[in-house]
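Here's the structure we're looking at; comments come further down.
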Amino acid sequence: CCCTLANKILMVLFMVLLIFATLFGNLVTLAVVLGTKHFHTPQGYLKASLAVADLAVGIFVVPLSVYAEVYLMVTDSAPEWTSYNSQSVSFHPCNIIGPIFAGCTLVSITTIFFLTIERSIAVLRPLHKDSVITRKRTTILIVLSWVGSFFLAVCPIVFSSEIALEYNSCSRMCNYALGTIGKFPSQAWNILLLFPAFDFTLLGGTVVINIISLSSIRQHSRRRKHLAESESQSTTKPTFSDIKAAKTIGTLTVAFTVSFTPIAVFVVGNVLGNKWCNFSFFAFWILATNSCWNVIIYSVRDQKFRLRAQ
């Protein structure tokens, strides 16, 4: 996956800008959510968890890629650790960075799923929202999502001796790959497919729930046009803020689905024996850019967040 010096400079510039955008956007999100009493809610806790996962990508994952590419441009040779995988040495940087990227991606998907569930209850069962969705239950779910996601992220290298982590010269990231085995064994094939299977199961469920919630919102909006003002404000109806938040979560779901789909296509293609070098670069970095989109979506969709951020 070769490119000219100008393209390499543009690529590193893109990575550096992505680091700053990710750090700035998610630090603003955390400052707004944690520093404003209005956002000390189950939804706010979930947004904070999502921001921490995205922040970890900007702190750990992208800087390693920047270091490797800058080192290559300056010395005209790649860092020594990029020439072997995690099975060859006792310690490899990708042993840490690879699971962090995979784990944070899984945390993001799980958190968006929880946000969708929380908003669907607020829209479909507004009277039960406060009793069903509590800060304690939300905190427990957040902890479980982090533990479960990182457990799943390390499963390939813990439960299979055929899978290693390496710095891929195509994607410019730490990826799961075969160790010293020439052909793809069925066990490794099944383990690596756990990622797209798990992710698309959650994303599929998230999309379905969003469709149900948005359909209910549309029906409510139609009814509200024909009802008297007093009846339209009945407590059995979702509030305007709940409706607005549900639409925001729907936008988050669409953005993450679009950014994750190329990765799923690449993993399946890689399992089938396709290299797709250039495609792998775009797939992984499209997913990485999703780490700085959330604050933009919040700013556009949530007026209170926008005002607080200013």
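Positions of Cβ are set from backbone N, Cα and C atoms, glycine also.
Caution: TrEMBL annotation is automatic and unverified by curators.
Sequence-distant neighbours of the transmembrane segment (12-36) (same chain, 6+ residues past either end, Cβ-Cβ under 8 Å): 44-45, 47-48, 51-52, 54-55, 57-59, 62-63, 65-66, 69-70, 73, 172, 285, 288-289, 291-292, 294-296, 298, 305, 308-309. What TrEMBL lists as transmembrane segment is 12-36 (among others).
Taken from TrEMBL, the feature domain 'G-protein coupled receptors family 1 profile' applies to 25-298.
TrEMBL lists 48-68 (among others) with the feature transmembrane segment.
With a cut-off of 8 Å between Cβ atoms, the residues of this chain six or more beyond the transmembrane segment (96-117) that come close are 43, 46-47, 49-50, 53-54, 56-57, 60-61, 64, 138, 141-142, 145-146, 148-150, 152-154, 157, 165, 173-176, 195, 198-199, 202-203, 205-206, 209-210, 213, 249-250, 252-253, 256, 260, 287, 290. As annotated by TrEMBL, transmembrane segment applies to 96-117 (among others).
Listed by sequence, the residues of this chain that lie at least six past the ends of the transmembrane segment (138-159) yet keep a Cβ under 8 A from its Cβ atoms are 42, 45-46, 49, 86, 95, 98-100, 102-104, 106-107, 110-111, 114, 118, 165, 176, 188, 191-192, 194-195, 198. Taken from TrEMBL, the feature transmembrane segment applies to 138-159 (among others).
Marked as transmembrane segment by TrEMBL: 191-217 (among others).
Here TrEMBL flags 249-273 (among others) as transmembrane segment.
Taken from TrEMBL, the feature transmembrane segment covers 279-300 (among others).
Long-range contacts of the transmembrane segment (48-68) within the same chain, counting only residues at least 6 positions beyond its ends with a Cβ under 8 Å from a Cβ of the stretch, are 12, 15-16, 18-19, 21-23, 25-27, 29-30, 33-34, 78-79, 82, 93, 96-97, 100-101, 104-105, 107-108, 111-112, 115, 142, 145-146, 167, 172-174, 288, 290-292, 294-295. Within its own chain, the transmembrane segment (279-300) is flanked in space by residues 1, 14, 18, 21-22, 25-26, 28-29, 47, 50-51, 53-55, 57-58, 61-62, 105, 108, 168, 170-173, 175, 248, 251-252, 255-256, 259-260, 262-263, 265-266, 270, 306, 309, which lie at least six positions past its ends and keep a Cβ under 8 Å from the stretch. Mean pLDDT for the domain 'G-protein coupled receptors family 1 profile' (25-298) in this predicted model: 84.
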